[in-house]
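S.K.: My questions all concern the structure below.
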């Protein structure tokens, strides 16, 4: 597949997601990094977003809770180029009923080549990267080229 580039603005659109056993870790991470997160546009699945807002007072655009379709909503936003970065603290020790949705979310984040952090260490690396604080580009699939090729 051919590729093209997409600009990520200085103020990123960041998705925040956490499984139940990881919510407190994500809330604490957001609290620790509140100043760095504040200028960005933050999205979250329902329960996680409400808890983060309550504890940090960060403005969050809440979607549905993950099991109710929030993971799929995020996947749609990623495919539309409306999410630049995904912070997803997931619990590798416990299966969740919506595991297929989680797998689909991770797949679509990989297809569209957005940075993804699945643990605190990686989230710390992302947020401390110079690219986090400035405009940058990522390589993405050339969907128009893909479509043109398929419609020949």
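Backbone N, Cα and C atoms are what each Cβ position is placed from, and that goes for glycine too.
Predicted, not measured: the structure shown is a model, and the values here were computed from it.
Pulled these from Swiss-Prot:
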{"type": "DOMAIN", "residues": "6-152", "note": "domain 'MGS-like'"}
{"type": "BINDING", "residues": "19, 23, 45, 46, 47, 48, 65, 66, 98", "note": "substrate binding site"}
{"type": "ACT_SITE", "residues": "71", "note": "active site, proton donor/acceptor"}
S.K.: Report the member of 19, 98 (the binding-site residues) whose C-beta atom has the most other C-beta atoms within 10 angstroms.
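M.R.: Ranked by Cβ atoms within 10 Å, first place goes to 19.
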S.K.: Fewest other C-beta atoms within 10 angstroms of its own C-beta: which of the binding-site residues 45, 65 fits that?
M.R.: 65
S.K.: Identify all same-chain residues not among 19, 23, 45, 46, 47, 48, 65, 66, 98 whose C-beta atom falls within 8 angstroms of the centroid of the substrate site's C-beta atoms; report them in sequence order.
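M.R.: Other same-chain residues with Cβ inside the cutoff are 17, 18, 20, 44, 67, 70.
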S.K.: Measure from the CA atom of residue 71 (active site, proton donor/acceptor) to the CA atom of residue 98 (substrate binding site) and give the result in Å, rounded to a whole number.
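M.R.: Cα-Cα, rounded: 9 Å.
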S.K.: Measuring Cα to Cα, how many Å separate residue 71 (active site, proton donor/acceptor) from residue 65 (substrate binding site)?
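M.R.: Rounded to a whole number, the Cα-Cα distance is 8 Å.
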S.K.: Could you give me the DSSP helix, strand and coil counts for the domain 'MGS-like' (6-152)?
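M.R.: Helix, strand, coil within the domain 'MGS-like' (6-152): 75 helix, 28 strand, 44 coil.
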S.K.: Quiz question: given the recorded positions 47, 71, which has the greatest number of C-beta atoms lying within 10 angstroms of its own C-beta?
M.R.: 71
